[in-house]
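A quick write-up on the structure given underneath.
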């Protein structure tokens, strides 16, 4: 494990042992999921997120903007959270997806919006560059993305091409020295602020899935602009917009992977995208319990805390088991990916399960708080609105079910 995290975590742990203190930000029953180093990493990230991200969560949601008064990207970069799976030669930690999922969970626990933007930056953009970029591309783009100096994004979907990626209309015409892009991309997370974007466009409109190519787009390229920032139901502080390409020239060296192999680039990273993003709803479920448990212990009706009533205990038990089963599934799949086995049906399965359970857990959190749960002074409404995104983004629940069913059928 990276020495920076070891030093911070061990020092923190020794301090608590000496002073007989319990970890302030520990999650429930992780002893079966992590070794000591992984637990220390989780605790270290949890403390960072609760101190630096959680205090801004309400304002992020209310103002519909990623924080402007504090540079969270630089803070996360300084804490080495932006290059967890990146090889050390490019400035990363050289760790696996289990550690990446831990960080994504704890950041999402502090703020769903920041968690989603973090996932888009580190997994959709950085991970695609690591997996498919040339040495020169990695040297050029990764250091600034890992430090937080630059923000990353990925753009695949279009107004009329979501799950049906091959139907995209954005074109890339070959010219001397590169390509000229024309078209639009929709629902691009981090789009308004990103300096480095992975964008998919058709280089051969007659070749179907073999006619799509991935490009590295830089903010400021002539002909590239961002349109309106979208006003979303949830994940409001995760800035999202439409991208516009009007005769945008992209040099040949900015092709990511091979020409005509864009679908391979996309699909080869999609399983890992689903895995890492599945940490988001797990973090939201933890946030729900962080609010509900103290509330039902303090809130009194009929002369005693409502947490003593069996109906409330039943709801809390359901929330807890939903979270823990999703968490166990998540880290089991992450561990398998780190061992070299990337299972498509389980990467789809873990986000399908976690996303739908997170929506239900958030609904139960609102119910446990009663009237207060329906008031925006409390964060439970935000949890629900944020959780719902994960049933839609990175492939809808319906697409995930189709993938799982198809893979199971192929195995017979």
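Placed from the backbone N, Cα and C atoms, the Cβ positions cover glycine too.
Residues annotated as transit peptide in Swiss-Prot, with a curator's inference given as evidence: 1-25. Marked as FAD binding site by Swiss-Prot on the basis of similarity to another entry: 154-163, 187-189, 299, 310, 367-371, 396-398. What Swiss-Prot lists as substrate binding site is 163, 209, 210, 264, 271, 272, 273, 274, 394, 395. The active site, proton acceptor annotation in Swiss-Prot covers 273 and rests on similarity to another entry.
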Rounded to the nearest Å - Cα separation of residue 157 (FAD binding site) and residue 210 (substrate binding site):
17
Reduced to three states, what secondary structure does DSSP give residue 397 (FAD binding site)?
helix
So if I measure Cβ to Cβ from residue 271 (substrate binding site) and keep only same-chain residues at least 6 apart in sequence, which ones fall under 8 Å?
337, 342, 343, 344, 347, 348
Residue among binding-site residues 154, 394 with least C-beta crowding, 10 angstrom cut-off
394
Cα proximity to residue 163 (FAD binding site), best match among binding-site residues 210, 273, 394:
394
Residue 163 (FAD binding site), number of other Cβ atoms within 10 Å:
11
Pairwise over 163, 209, 210, 264, 271, 272, 273, 274, 394, 395, annotated as binding substrate, what's the top Cα to Cα distance to the nearest Å?
23
Residue pair residue 210 (substrate binding site), residue 154 (FAD binding site) - Cα distance, angstrom, rounded
19
Using the alpha carbons only, what distance in Å do you get between residue 160 (FAD binding site) and residue 273 (substrate binding site) once rounded?
22
Lowest local Cβ density among 157, 160, 189, 367, which the record lists as binding-site residues, within 10 Å
160
Where residue 370 (FAD binding site) falls in three-state DSSP terms:
helix
